[in-house]
Amino acid sequence: MEHTFIMVKPDGVQRGLVGEIISRFEKKGFYLKGMKLMKVDRKFAEKHYADLSAKPFFKSLVEYIISGPVVAMIWAGKNVVTTGRKIIGATNPSESAPGTIRGDFAVEVGRNVIHGSDSVENAKKEIALWFPDGAVNWESSLRPWISE
Ligand code: DAT
Ligand code: MG
């Protein structure tokens with residue numbers, strides 16, 4: 001089963017959106033396979049966003065991610081990487097459709113509430129970084145009602 005890395009960013013935690021976000025992934029039919037509240041340090045945040053290190057907003061992005069606790073999660077399910085990105089919405093909340101998390105709860109690209117892996121390959125890398133012990137191995141008893 002496909003896995004993705006989802007993180008509620010510090011603004012999402014401070015604004016009390018953790019439950020709402022978990023609920024949207026649960027109700028869709030995805031399975032929670034790992035979750036922890038943690039505060040990451042600068043080195044760790046820079047590693048997570050290493051691909052963006054040349055961008056002009058890199059420093060402020062890292063400051064934002066280390067500004068408070070985040071909720072790191074592993075979600076599993078059919079096409080969870082691509083569908084997870086659709087649930088999250090476009091990077092810039094000005095362009096995120098209503099009904100998406102960013103479309104419903106954010107106005108600013110630098111405070112866009114949530115992160116989601118953008119490819120299966122990056123999901124593997126991000127899960128390895130954030131969850132060195134891997135996912136929790138369990139199967140939902142609802143699975144036959146969600147998947148053929
Ligand atoms: P996403 O988070 O949708 O995968 P990304 O990987 O391109 O987007 O960028 C990571 C984060 O960096 C993004 O969630 C918010 C911030 N960011 C991206 N583009 C930005 C910009 N033009 N100005 C300020 N922050 C930006
Ligand atoms: Mg990204």
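Sequential numbering from 1, following the chain as shown.
Each residue, glycine too, has its Cβ placed from N, Cα and C.
Annotation comment: TrEMBL describes His115 as active site, pros-phosphohistidine intermediate. Under DSSP, His115 (active site, pros-phosphohistidine intermediate) is assigned to a strand (E or B) in the three-state scheme. Annotation for His115 (active site, pros-phosphohistidine intermediate): same-chain Cβ neighbours under 8 Å, separated by at least 6 residues, are Phe5, Ile6, Met7, Lys9.
DSSP assigns Lys9 (ATP binding site) to coil in the three-state reduction, placing it in neither a helix nor a strand. Counting every protein chain shown, the number of other Cβ atoms lying within 10 Å of the Cβ of Lys9 (ATP binding site) is 23. Residues annotated as ATP binding site in TrEMBL: Lys9, Phe57, Arg85, Thr91, Arg102, Asn112.
Per-residue pLDDT, averaged along the domain 'Nucleoside diphosphate kinase-like' (1-138), amounts to 98 for this model. The annotation domain 'Nucleoside diphosphate kinase-like' is assigned in TrEMBL to 1-138.
Sorting each residue of the domain 'Nucleoside diphosphate kinase-like' (1-138) by its DSSP state yields 62 helix, 26 strand, 50 coil. With all protein chains in the displayed structure included, the most crowded Cβ environment within 10 Å among the binding-site residues Thr91, Asn112 is that of Asn112. Every protein chain shown contributes to the tally, and the Cβ of Arg102 (ATP binding site) ends up with 24 other Cβ atoms within 10 Å.
Taking the binding-site residues Phe57, Arg85 in turn and counting surrounding C-beta atoms within 10 angstroms, the largest count is reached at Arg85.
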